[in-house]
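In what follows, a structure is listed as structure tokens, so that the remarks can point back to it.
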Amino acid sequence: MASENPEVVVAPTVENGGAESSSRGKDEPLETELSKKLEVTEDGKEENEVEEEGSKAESSTAKKKKKKNKSKKKPQQTDPPSIPLVKLFPSGEFPEGEIQQYKDDNLWRTTSEEKRDLERLQKPIYNSVRQAAEVHRQVRKYVRSIVKPGMLMTDICETLEDTVRKLISENGLKAGIAFPTGCSLNWVAAHWTPNSGDKTVLQYDDVMKLDFGTHIDGHIIDCAFTVAFNPMYDPLLAASREATYTGIKEAGIDVRLCDIGAAIQEVMESYEVEINGKVFPVKSIRNLNGHSIGPYQIHAGKSVPIVKGGEQTKMEEGEFYAIETFGSTGKGYVREDLECSHYMKNFDIGHVPLRLPRAKQLLAISTTTSPLSLSADVIWTALVKPNI
């Protein structure tokens, strides 16, 4: 052993030569003492090396754990929102919305193998819808937090739409804003947006309906909510909100649209609101409706009434619907007024040659519509599908 590593043996022996020579027995040869010293030195070194290696291993393991912990941390949305949703969900799987079971459950839909297989085929579409819905939810939450009296209506709309563009990674017809943002005030029930140069300012006593849409590959999410700063209007907002929830609960495969309208009206008109000492009953606006939604088509043909006595048409499996409710303290009927701020291309009309440059410019912009006294509006998008 000494010949393999002479420096290890010689150095300590020379340093402690006097003490070791005096303690050595007469009959004990020098080689034996050196070999014992070498064994002690080598053993001690091995133990130290093991301890050092162990501590290094522990430290490297701790570093790996820290790295793993860092990698596991999910990215969080900024405030204000600016990170595109595809970066927050790199797997491409987006959060599911609220799933409600039908009131009258058909068990065969749950147990049918064929139905489950058809459901799996629709997953790519559902994922696109969920992405658009998650963008809408995050933008909605952000806008609620920043809107306050004194803001220009144009600033509210521009902030909202710019945030949508960032989060949805706007890309022409593949992803973006589904229709112009509506921000109707007070007695204007729907479809009003400030045009360029409009200086309208949001006031404390205003009731504002914010209606905007998002889409991925033409799969549209149409949702709206009402903002009021004066608590005097809370019952009006509650009436429209609860009526919308009722409409969603009533919706389902083979449900007649007229039955949904009757249920919505019953809830809506059970409310009343006191404004400046005078009590007003809340009424459903009978000539505003919800509607079915198709790919790249905000109004796909079917209307969901919000009063009783509507059509006997049934909801069908796989359809998307915007369940919309409009509550009013007036007569419950709307008429067209004010300047036009929403434009929609007629979905059923083919190519028509246009001669006016301004008409061509307007057609080049993809615009569409979402659908007097004070009014409130709440809209949700619902998918009618089997409960699998």
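Cβ atoms here come from the backbone N, Cα and C positions, even for glycine.
Unlike curated entries, TrEMBL annotations are predicted automatically.
Of the residues proposed, Glu170, Glu324, Glu336, Glu339, the one TrEMBL records at the same divalent metal cation 2 site as Asp222, His291 is Glu324. Taken as a whole, the domain 'Peptidase M24' (129-327) shows an average pLDDT of 94 in this prediction. If you compare Cα positions, Asp211 (divalent metal cation 1 binding site) sits closest to Glu324 out of the binding-site residues His291, His299, Glu324. Between the C-alpha atoms of His299 (substrate binding site) and His291 (divalent metal cation 2 binding site), the distance comes to 6 Å.
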